[in-house]
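To start, the structure itself, in structure tokens.
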Amino acid sequence: MSLSNKLSIRDLNVKDKRVLIRVDFNVPLDGTTITNNQRIVAALPTIKYALEQKAKTVVLMSHLGRPDGKKVDKYSLAPVAKEVERLLGKKVTFLEDCVGEGVENYVKNACDGEVILLENLRFHAEEEGSSKGPDGKKVKADLEKVKEFRRSLTALGDVYINDAFGTAHRAHSSMVGVELPQKAAGFLVKKELEYFAKALESPERPFLAILGGAKVSDKIQLIDNLIAKVDSLIICGGMAFTFKKTLENVKIGNSLFDADGAKTVGEVMEKAKKHDVEVVLPVDYITADKFAKDAQVGYATDQEGIPDGWMGLDCGEKSVELYKQTIAKAKTILWNGPAGVFEFDNFAKGTKATLDCAVEAAQSGKIVIIGGGDTATVAAKYGVEDKLSHVSTGGGASLELLEGKDLPGVSALSSK
């Protein structure tokens, strides 16, 4: 799966065509109030472009929450339609279903330039391919009904645009089942693919990956895929303790230790040696007597280790200095996973200092990519998203891409 050769919306002529766009409007709601509209704002450039290029109609489809294949009022996209209308400054027609004769007829006879938002795709089991039965167990959707669902979605457009990167790792009907001749990436997906291609297909070297997070076993595929591509690797966050204890027998007290992950540490280091990859680990720690915001704060280095009853929740200044030096040498930096428990202020300094270095690197012209999930939350928390080259919008999708997996939603797009 090449990331750099997919059709994008700019490659298409959408004039007088019905443009069917899979967006990600999975926004947090408090009742019917949207508490964060960022995902809607992110989709606006693609929607506006289709309208500027004189598309006949723009049909938007999305999921919201996990209604498990049935209609659940609190997951209706009706409040989202009002917000899209407000942001676009243009009327948005909300339809109470996403497939079926009524929807098909409405779209067929829509006014020129009309924007239509369909109801939640996941109200139908055919979107995800399964639903939950009364006993909470998965029930597979009927294959014929899935085919009909996909046919009905396909009938709503002349061209298909995917701008929902966060769902690209799911082989859902709206991601892979629309059978139109031209299927292209919207601006959001295009940017994701461009930046991940810069890292994974043709990085400017030296290439550094910063990998944090809790468990080695959760990140092992990621480490495995990247170790053959990078020049240096910083391993930080909770999973560093498994490396420190296994490799150097550092006393880690009650810090996180991943027994399963420990079995793979030797293998990782062997691969690093084989590919001539410099591996950087923390050397000092900010410690806590419990996993809590109000924990007592301590400090430990590799020499004395972390005492029993205490746990490392962040890295210390010496570690940050090592990270800084490694970041300074790199030209492409990919970061996935925080350096400490940034949710607690007393244990956020290591992550914040690493972020400051990453911002400085990006501002000096280096490519800095934040790989979604918690690290994207960190960038948002400190308001620096626009100071980095790219902050991915896909948690699971970016992780799978970095693990070397094909994303069904990307594979389904037409190639140039």
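Cβ from N, Cα, C; glycine included.
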For the Mg(2+) site, Swiss-Prot lists Ala214, Asp218; sort out which one of Asp30, Asp68, Asp374, Asp386 goes with them. Asp374
Co-listed CDP-binding residue [Swiss-Prot; alongside Gly213, Asp218, Gly337, Ala339, Phe342] among Gly237, Gly316: Gly237
Binding-site residues listed as Gln38, Thr375, least Cβ neighbours within 10 Å: Gln38
When you put Ala214 (ATP binding site) at the centre and draw a 10 Å sphere around its Cα, which of the binding-site residues Val23, Gln38, His169, Gly237, Gly337, Phe342 have their Cα inside it? Gly237, Gly337
Just to be sure I understand: of Val23, Gly65, Leu121, Gly213, which binding-site residues have a C-alpha no more than 10 angstroms from the C-alpha of Lys219 (ATP binding site)? Gly213
Could you check the binding-site residues Gly65, Gly213, Gly337 and say which one's CB has the fewest neighbouring CB atoms inside 10 Å? Gly65
In terms of Cα spacing, which of the binding-site residues Phe25, Gly312, Phe342, Glu343, Thr375 are within 10 angstroms of Lys215 (AMP binding site)? none
